[in-house]
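Listed in Swiss-Prot for this protein:
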BINDING   Gln87, Gly105, Glu106, Gly107, Lys108, Thr109, Asp512  ATP binding site
REGION    869-897  region 'Disordered'
COMPBIAS  878-887  compositional bias 'Basic and acidic residues'
BINDING   Cys891, Cys893, Cys902, His903  Zn(2+) binding site
Amino acid sequence: MFGKILTKLFGSRNDRTLKSLGKTVTKINALEDEYEKLTDEELKAKTTAFRGRLESGETLDDVMSEAFAVVREASKRVFEMRHFDVQMLGGMVLDSNRIAEMRTGEGKTLTATLPAYLNGLTGKGVHVITVNDYLARRDAENNRPLFEFLGLSVGINVAGLGQQEKKAAYDADITYGTNNEFGFDYLRDNMAFSPQERVQRPLHYALIDEVDSILIDEARTPLIISGAAEDSSELYTKINTLIPHLVRQDKEDTEEEIGDGDYSIDEKAKQVHMTERGQEKVEVLLTERGMLAEGDSLYSAANISLLHHVNAALRAHTLFEKDVDYIVQDNEVIIVDEHTGRTMPGRRWSEGLHQAVEAKEGVHIQNENQTLASITFQNFFRQYEKLAGMTGTADTEAFEFQHIYGLDTVVIPTNRPMVRKDHADLVYLTPDEKYAAIIEDIRGCRERGQPVLVGTVSIEQSELLARLMKQEKIPHEVLNAKFHEREADIVAQAGRTGAVTIATNMAGRGTDIVLGGNWAMEIEVLTNPTDEQKAKIKTDWQVRHDEVVAAGGLHILGTERHESRRIDNQLRGRSGRQGDAGSSRFYLSMEDSLMRIFASDRVSSMMKKLGMEKGEAIEHPWVSRAIENAQRKVEARNFDIRKQLLEFDDVANDQRQVVYAQRNELMDAESIQDTIVNIQADVVNGLVDQYIPQQSVEELWDVPGLQTRLEQEYGLKMPVQEWLDKEDDLHEETLRERIVDTWVKSYQAKEEMVGEQVLRQFEKAVMLQTLDGLWKEHLAAMDHLRQGIHLRGYAQKNPKQEYKRESFELFQQMLETLKHDVISVLSKVQVQAQSDVEEMEERRRQEDAKIQRDYQHASAEAIVGAEEAESLSAHTPVVREGEKVGRNDPCPCGSGRKYKQCHGKLT
C-alpha cells in the first residue's frame, strides 16, 4: 500500500529512468535541423570524426547524442524511415547494459541500428544476435545499406561458413548471427591448434534480439561440441524391445498402499522412475535375452551401462512424443524446440537419449558422443564486456535478468497507444468442447473478414486443428516445424482479409503481421516492377487494410495456456502492432497439460460450484487468477532449475577459463621453453620425493623403483645405485641435483641433434595435444560426477559443496597428469626433423576433421535431482572479470589458495 502511494507521488523506477533519458532525446532532436542541411559526404565524414574523438580519449557517452542524430538522418536518406523518439529511448537503454522491452511492431530492428553504430565506432566489434539464420541474414542485408553509407562494415555469421569466411565476418564492425553459432565458434576457437585457426576477436558488445528466448528459454540447454564414441546401436535396439512389456503405475505410492505398475511419471518434473516391481521385471527380461547373468542385479557396478540404456529407453517412450518433442524426417529424428516450435537440425539430446528415441522410431541409430567442449549460454554471454537485449516480453522475467546477468529491464512506451482487446479465458470441461468453440469463433471471424492467428503448443495440436478445419471446409495455412521453409511467406500474408493461420507456439516470431498483408513482399517477388505496378499493389493493399481494420484487426486465438506467461504474451503481442486494432482470447480445457498438472483441483471445484454442464464455458476472474498462479509456480520452478544449472556450471567455468587461457598463451607464445623447464623440475622433484623422501635415512630409499620408473616412463637409464655405491658423499639433495642435471643434459643433446626451432615447435604441439586429450577426459569425469552428485544430499552433505570440492580435486589431478605426460613424451620420443612436427600436426588436423560435430542440447536432469536432496542456496551475483589475476593473488575459484598454487599451476 505504502509502495503504491510512493509510486503515485514519485513515479515508478521505470518512469524515472525514461524521464532521465528523455533529456538526451531532446538534445538529439535539437540536432535534426542542422544535420538535415549536411550533404551526404559531410554526413558520412561524421563517422571518421567520431572515431578520432574516441581515439583522443572521449567516451561513447560523449558522442552518443550526435551519433544517434547521424543514424536518424542517414536512415531518412537510405530507408526513408525516421527513428521515433521511443526508438531513441530504446537505443540508449541498449547502449547502457540493459534490456529494452519494446512491443511487437515498434521497430526493434531499426532501434538496434543506433547502439550498433555507436559501439561499432570503437572498432572492437559488435555482435547482433538473433534466434535463427533467416533473421540474421534478413536483418544484416536490410541494415547493410545504412551502415555502409556511414562507413561501417557488416558481416554475417551463420552455419556452414568456411574458416576464412567466418574470420571476415568477425573482422567486420558489426556482425549479425545466431546465438548457437557465436557460442560454437567460441568453443571451436578454444580447440584450435594455432592462432591462425581462431576466428573470433575478444568479446566486446553483444546486442541480443529476442533476448528472453536466448537468455531464458535456452539457458537450460548447454552448447556441446562432441565427437563420436563407440558404436552401441545394437544394444539400444535390444533394450528398446523391453519397454513395451512395462506398465505405467496406476497410482502413486502412498504410506497406505503401493501403486501397481513398473514405472511412475512425475509430469511436473518431467521425470520417470522405475518401481521395484519394474526393476525386477527388467532384470528377468534381460536375463531371458542373455544380457544379464542369472541372479545378477541391474544396479550392480558392472551393469551401470545397462541401467543407463534402460533409463534412456524408458524416457524416450514415456516423456518424448513424436510431432511434439521431435519429428522423423529422412530417416532421422529431429528435435523440435519447445519454445519456438522450430526444428533444430544437427542438434542432439545427450546421455544416450537421442539414440533411444532413434531406436523407438526404428530409424538409423547414430553413435553416442563424447564431449570435447561445452559451455552454457549463461556463461558464454557473461564474458562480453557489454551485454544488452531487446524483446517484446521481458518484464515478467526482469528478476532473472537482474539476478543472473546483472541486466535491468526498461519498458519502452509504444509510439501509439495500444488498443487491442484482450478477452478473458474460456474454460471447457473437455478438449472436444474446446475445439468446437474454437472452430465456431474462427467461422465468425471469417464471416466478418477478420484475419485469425491460431496459436498451438505442439505440431500434433496444429495438425489436429488443421484436420478439423478441413472437415469444416475452412481455408487455412499451417505454420509449424514441418513447413518452416514457407515461414516468412505465410506470416507475411497472415493479416489478409479473412485469413486463417495456425502457428505452432511462436513460430514466425521476428516477422511482422501487417493488416491487409505485406505489400512489400508482393513487390519483391516481381522482376523489375514498374512504378505503375508498385502503385497498384499499394492501392489494393490499402483497401484490404481498411477492410481488416473495420472487421476488428487481427484476432489471436490461443488453444492452450503455455507454462510461461511470457510465451502467452508473445502470442498476444502479434496483434495490435503500432496502434492497430486487434483482439485475443485463450480457449482452455480441464485436460490441458497446465490445467491437469497445476490447476485442476481448484478450477474443477469452482466449475462444480457454478453448476457447469457439457458444452458450457466458464469465464471468471477467479479462473484466470488460478491459471496465472499455476504459471507462476512453473516459472519459479524453471528459474530454480536454470539457477542450479548455472551454479554447477560456474564451477566448471572457472576451470574452463583457466584451461582456455593457458591454451591461448601456449598458442601465442613463440617459445614455451621456460614452461617446459619449470614442469620438468616439478616432475623430477615429485618423482624423487616418492622414492627418496626428503630428510629420510637411506634404508627408506627405493632406488630400484626410481631407476625402473625413470626408464619406463621417461626413457632415461640412470645408474642411481651405482652412483650411490661409488660416491659416499652423495646424499638426498645432491642426488636430486645429479638426476635433474643428467635429465637436462639428455634433453639438451636431443635439442642439438634436431635443432632448437624444431624442438620448440614440437614442445608446443605436444603440450597442446596432451592438454586437449586430458581436458576431454576431465569433461567426461565432470559429467559423471554431476550426474550422481545429488545423492550426497541423502548423506546429509551439500551436493554443491561436494561437487565443488571433488571437481577441484579432479582438476588438480589433471594438472599433475599433464605435467607427467608432457615430460614423458618429450623425454621418450625421438624427433628427427621438422617434418616430424608437421606430420604430427597434420595427423591432429585429420583426426579433428573426422570429428562428427554434433551440437547437443544437453539435459539438466542430473542437476534437477539435487532439488530432492537440498534446498536452493542464495546465488552469488555475477561479477564481470576485471584485471588479470596475479600469481600471488587468491585463486578466483574460491579454494583459498594462491593462484600460482591452484588453477595457475601451469603458468
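Cβ coordinates are placed from backbone N, Cα and C, and glycine is handled just like the others.
Neighbouring residues of the recorded ATP site, listed in sequence order and excluding Gln87, Gly105, Glu106, Gly107, Lys108, Thr109, Asp512, comprise Met102, Thr104, Leu110, Thr111 (Cβ within 8 Å of the Cβ centroid). Residues Gln87, Gly105, Glu106, Gly107, Lys108, Thr109, Asp512 are the ones the record ties to ATP, and the longest Cα gap between any two of them is 17 Å. Here the Cβ of Lys108 (ATP binding site) has 22 other Cβ atoms within 10 Å, regardless of which shown protein chain they belong to. Counting only residues at least six positions away in the same chain, the Cβ atoms of Asp512, Arg577, Gln578, Asp580 sit under 8 Å from the Cβ of Gly105 (ATP binding site). Taking a C-beta cut-off of under 8 Å and a sequence gap of six or more, Gln87 (ATP binding site) has these contacts in its own chain: Glu106, Gly107, Leu110, Thr111, Leu114, Asn415.
According to its DSSP assignment, Gly107 (ATP binding site) is coil. Here the Cβ of Asp512 (ATP binding site) has 17 other Cβ atoms within 10 Å, regardless of which shown protein chain they belong to.
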